[in-house]
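Peer 1: For reference, the structure I am asking about is given below.
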Amino acid sequence: MSAGKLKFDSPAPILKLSKNTGSTPPKVGGTGQASWFQSLKEKKRTGTPPTFEGSGVPDNSNVKPQFQHGYWKRQHRYKPGKGGRKPVADAWYFYYTGTGPFGDLKWGDSNDDVVWVKAKGADTSKIGNYGVRDPDKFDQAPLRFTEGGPDNNYRWDFIALNRGRSRNSSAVTSRENSRPGSRDSSRGRQRSRVDDDLIDRAAKIIMQQQKNGSRISKQKANEMAERKYHKRAIAPGKRIDEVFGQRRKGQAPNFGDDKMIEEGVKDGRLTAMLNLVPTPHACLLGSMVTAKLQPDGLHVRFSFETVVKREDPQFANYSKICDECVDGVGTRPKDDPTPRSRAASKDRNSAPATPKQQRAKKVHKKKEEESSLTEEEEEVNKQLEYDDDVTDIPNKIDWGEGAFDDINI
């Protein structure tokens, strides 16, 4: 992401390591050597270990302060190439002291592939029983740093908190992280299942939330759709054009094909793409911000760019979604078997058929009328037709007494 300059989220959320079913993780991890957390990755291959602003210990409210110490382990990575595999930028994984591949080391022991870290108040002579992660039961946890973060040569991929994942996909990701060189051997499998992974997972999140009782009332859904425009959100059962207006090609708003417009959040592609959307802090502090005073008020523009690296396992999937949904109005996914909406079909079937002869006469008559118009009248007529097309999309939004409110998404 181009927001890589931002090294931490503020304020940092409380991290709860949780099972897919929502239960609390065990005090002792399962089999294997998988880290509880996602990795740090070098932006440029230097081989230099990361340095940290702050403690360097990832946030985890499940771990007592005295046990908030551990190490970052170097994971050498490779990619296939002519003449054999070639090294790429290193990844680093965090383990608590006494766990993981170097669980036999004492805190501070010298090792070229280890960086020791501890939080304020931690006692490195005491080791907790937090173990390592069982990839068949637990997901990787997102990295969050309350006290700063790694230096500017390191980044980490965005992972939403409380995300839903299948057990199989969790296991694949964890094994990839834990084995040297396995990133390349598993890449083919990841590419082949990329379409099933991200979109299906996003759709399952919505279904699971509904099963767990996190339903939204009709009143709440309407309230979400009627907020100030920049604070609105799509609730289940709402069409995109009902909340954010009709889609247009080549100008805002232009994201969404007909399937996404109709289904809203039920379309897993929408939830998947939210992974690329900046947080309010990132949007404000990582954007090119311009402000112009116009007759109708102050226009503030935020220009933000999110970069999906080509080596990202979901790169092909994000590219496909963008191909389908950027300027996608009037189209549907090629593999979508869904026919046109029943309401539209019903309207067409119930409408009386117009004889071809009558339709031809009507068009012919219109052409005769238009041909009798002067050039000036034709220009005026075209403008009127254009205005009719966009009457439901106001150029100016009436915010009421103030442009901002206390409601946050």
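Just so you know, glycine gets a Cβ as well, placed from its N, Cα and C.
So Swiss-Prot lists the following for this protein:
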COMPBIAS  176-197  compositional bias 'Basic and acidic residues'
COMPBIAS  332-349  compositional bias 'Basic and acidic residues'
DOMAIN    32-157  domain 'CoV N NTD'
DOMAIN    217-333  domain 'CoV N CTD'
MOD_RES   SER192  phosphoserine
REGION    1-64  region 'Disordered'
REGION    30-161  region 'RNA-binding'
REGION    167-197  region 'Disordered'
REGION    228-335  region 'Dimerization'
REGION    327-409  region 'Disordered'
Peer 1: Within the domain 'CoV N CTD' (217-333), what mean pLDDT does the predicted structure show?
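Peer 2: Average per-residue pLDDT within the domain 'CoV N CTD' (217-333): 89.
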Peer 1: Reported in the order helix, strand, coil, what are the DSSP residue counts of the region 'RNA-binding' (30-161)?
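Peer 2: Output for the region 'RNA-binding' (30-161) reads 3 helix, 41 strand, 88 coil.
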Peer 1: Taking DSSP states H, G and I as helix and E and B as strand, how many residues of the region 'Dimerization' (228-335) are helix, strand and coil?
Peer 2: 43 helix, 16 strand, 49 coil
